[in-house]
Amino acid sequence: MEPVHTELFSHSVQHVLDLVGIFVFAISGALLAVRKNYDVFGMAVLAEVTALGGGLIRDLIIGAVPPAAFTDLGYFLTPLIATTVVFFLHPQVERINTTINVFDAAGLGLFCVAGTTKAYDYGLNLTASATLGLATAVGGGVLRDLLGNEVPSLLRWDRDLYAVPAIVGATVVVVLIKFQALTPATGVLAVLCAFALRLLAMRYHWRAPRAWHRRTTAAEELHL
Amino acid sequence: MEPVHTELFSHSVQHVLDLVGIFVFAISGALLAVRKNYDVFGMAVLAEVTALGGGLIRDLIIGAVPPAAFTDLGYFLTPLIATTVVFFLHPQVERINTTINVFDAAGLGLFCVAGTTKAYDYGLNLTASATLGLATAVGGGVLRDLLGNEVPSLLRWDRDLYAVPAIVGATVVVVLIKFQALTPATGVLAVLCAFALRLLAMRYHWRAPRAWHRRTTAAEELHL
Amino acid sequence: MEPVHTELFSHSVQHVLDLVGIFVFAISGALLAVRKNYDVFGMAVLAEVTALGGGLIRDLIIGAVPPAAFTDLGYFLTPLIATTVVFFLHPQVERINTTINVFDAAGLGLFCVAGTTKAYDYGLNLTASATLGLATAVGGGVLRDLLGNEVPSLLRWDRDLYAVPAIVGATVVVVLIKFQALTPATGVLAVLCAFALRLLAMRYHWRAPRAWHRRTTAAEELHL
């Protein structure tokens with residue numbers, strides 16, 4: 001099926017934004033590899049998978065093969081640059097962790113909006129498009145944690161909200177599409193919405209609730 | 001490639017059966033999330049992946065993109081309903097574990113038959129169709145356990161037979177197809193066959209053997 | 001898209017080589033299942049996934065659906081034969097571990113060359129083709145370790161080089177393609193190149209470096 005092209009941003013602007021998102025996601029992959037004591041190839045694999053995995057899953061599902069990750073050389077090389085940086089400078093990189101988290105929040109915002117738009121361009125319905133926007137934004141991180149043999153940090157209750165900002169960003173996009181109001185300006189608004197929400201979640205340690213009775217039980221245990 | 005349509009059941013009957021299978025599989029995903037102490041979004045992710053993952057793998061392999069999981073709103077919403085139920089009532093849900101296992105066995109039967117039929121409709125040979133029927137039935141559970149950072153319960157020797165009933169169900173379907181005897185009636189028979197086998201495996205704790213010498217070694221250790 | 005056919009070897013020679021590679025990869029999958037105490041179905045699943053997983057990932061990404069793993073009965077049956085061998089003879093199989101590793105190195109060489117060639121035939125650029133050659137060679141092993149709930153041995157620093165020989169083999173192939181010098185003879189050379197490199201890595205325990213400061217820190221700890 002020939003995709004429609006919802007040109008949200010000009011192609012070159014979109015490309016630069018994509019590369020920024022890919023770079024910061026790759027940094028988080030390479031850093032996990034260092035923490036897990038992997039070698040430099042393990043670092044490169046985790047950097048590539050974290051940065052490109054979410055978009056890869058989306059492209060396989062919407063039938064956009066070969067996926068963008070395999071047709072754009074810049075997408076492939078950026079994680080290798082991130083790997084090199086972390087290889088030589090990882091203590092310094094760890095030290096600016098807060099800065100990285102801010103960029104990661106920006107990547108989250110960009111990817112959920114770009115992912116939703118691309119899925120819609122390929123003819124998926126609004127709910128499916130938003131779901132794939134979420135998958136684009138968080139899929140790479142889940143694959144990173146699987147390859148690191150860790151519980152996916154996305155799913156853990158003791159982490160600040162990560163999925164919710166992406167869900168909100170993707171939802172804003174599909175609402176804009178529904179009311180034919182998706183323009184570069186409103187698209188940026190959706191990105192900023194997800195970005196700001198993630199920053200607030202980190203600042204105030206917002207968490208999502210766990211299943212009901214577990215908390216009651218915990219409280220009871222305390223009273224014993 | 002344009003798929004043939006082996007209309008096993010009328011479309012609406014098939015749809016209701018699918019939703020029942022999706023619901024019980026989603027319950028098992030959400031329950032694992034509760035046990036792993038995940039938050040409500042982790043519950044929803046595990047519910048969706050467990051319920052739709054097997055069919056998603058099948059659809060990607062046979063080239064049915066976008067997969068059914070992303071085109072049918074009911075498929076997407078059912079796991080969220082299951083998540084809501086488990087969120088508020090998980091102790092009660094755990095208590096009716098046997099009932100759930102019976103429904104899960106029904107889901108196993110339905111999915112292995114529906115998966116085999118769909119793969120054959122897309123032009124795969126009989127062996128491949130049966131393999132994909134098995135993948136449809138058990139794939140979601142394997143992805144659930146991977147996301148839960150657990151050894152896939154499908155592969156463990158100390159669990160009652162789970163793959164075998166699905167293999168038998170899928171095999172019955174391809175034999176029926178080969179002899180051009182697949183009708184709604186014989187299709188139901190294949191479902192019931194897998195369903196009954198799984199119930200018997202749970203009732204009598206049927207297990208599959210492990211590699212030969214390991215057991216000998218264990219016996220020797222006992223004699224020391 | 002209709003693929004070009006870079007007939008590297010005659011079809012029947014290629015097929016035999018593929019089956020040899022599939023067999024040895026399947027052995028390594030079945031052996032991990034035995035070590036993890038999985039039952040005979042777990043063994044078969046790990047054998048199939050290890051042997052066919054890398055090619056499956058490649059075929060999904062290049063859009064070659066249904067993947068070769070599902071259209072060629074020999075590809076499907078070979079891992080089951082490997083499972084049967086390991087089931088009855090695994091202590092003997094473990095004892096000839098070195099022999100198996102040599103065959104595995106041969107499989108690595110064959111798969112990285114065949115994977116690169118196939119990806120190029122489907123129109124991917126040279127970098128992407130080499131990456132998919134690597135993925136074909138190592139992807140099955142990574143999926144095996146994920147299903148075994150282990151840290152992927154590919155990524156661990158304390159294992160002899162495994163990715164590098166495959167990267168070298170795939171790179172040789174794309175250089176040959178670029179200079180229009182890929183013939184059966186030079187193709188064999190690329191296979192032997194990867195094969196020899198892996199043998200040397202095993203013989204001399206070549207390892208890849210980890211991130212820089214980690215080693216410094218380890219040295220400092222020693223001095224304290």
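Even glycines carry a Cβ here, placed using N, Cα and C.
Residues or ranges marked as transmembrane segment by TrEMBL: C:12-33 (among others).
Annotation comment: TrEMBL describes C:16-90 (among others) as domain 'Glycine transporter'.
As annotated by TrEMBL, transmembrane segment applies to C:40-61 (among others).
The transmembrane segment annotation in TrEMBL covers C:73-90 (among others).
The domain 'Glycine transporter' annotation in TrEMBL covers C:102-176 (among others). Across the domain 'Glycine transporter' (C:102-176), mean pLDDT in this model comes to 94.
Through the fold, the transmembrane segment (C:126-147) approaches residues 25, 28-29, 32, 45-46, 49-58, 61-62, 107-108, 111-120, 153-154, 162-163, 166-167, 169-171, 173-174, 177-178 of its own chain, all at least 6 residues removed from its boundaries and within a Cβ separation under 8 Å. Per TrEMBL, the feature transmembrane segment maps to C:126-147 (among others).
Outside the transmembrane segment (C:185-206) by six or more residues, the chain places 8-9, 101-102, 105-106, 108-110, 112-113, 117, 160-162, 164-166, 168-170, 172-173, 176 with a CB less than 8 A from a CB of the stretch. Per TrEMBL, transmembrane segment is recorded for C:185-206 (among others).
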May I ask for the residues of the chain that lie six or more residues beyond the transmembrane segment (C:12-33) and have a Cβ under 8 Å from a Cβ within it? 42-52, 74-75, 78-79, 81-83, 85-87, 90, 93-94, 100, 103-104, 106-107, 110-111, 114, 140-141, 144-145, 148, 150
Under DSSP, the domain 'Glycine transporter' (C:16-90) has how many residues in helix, strand and coil? 64 helix, 2 strand, 9 coil
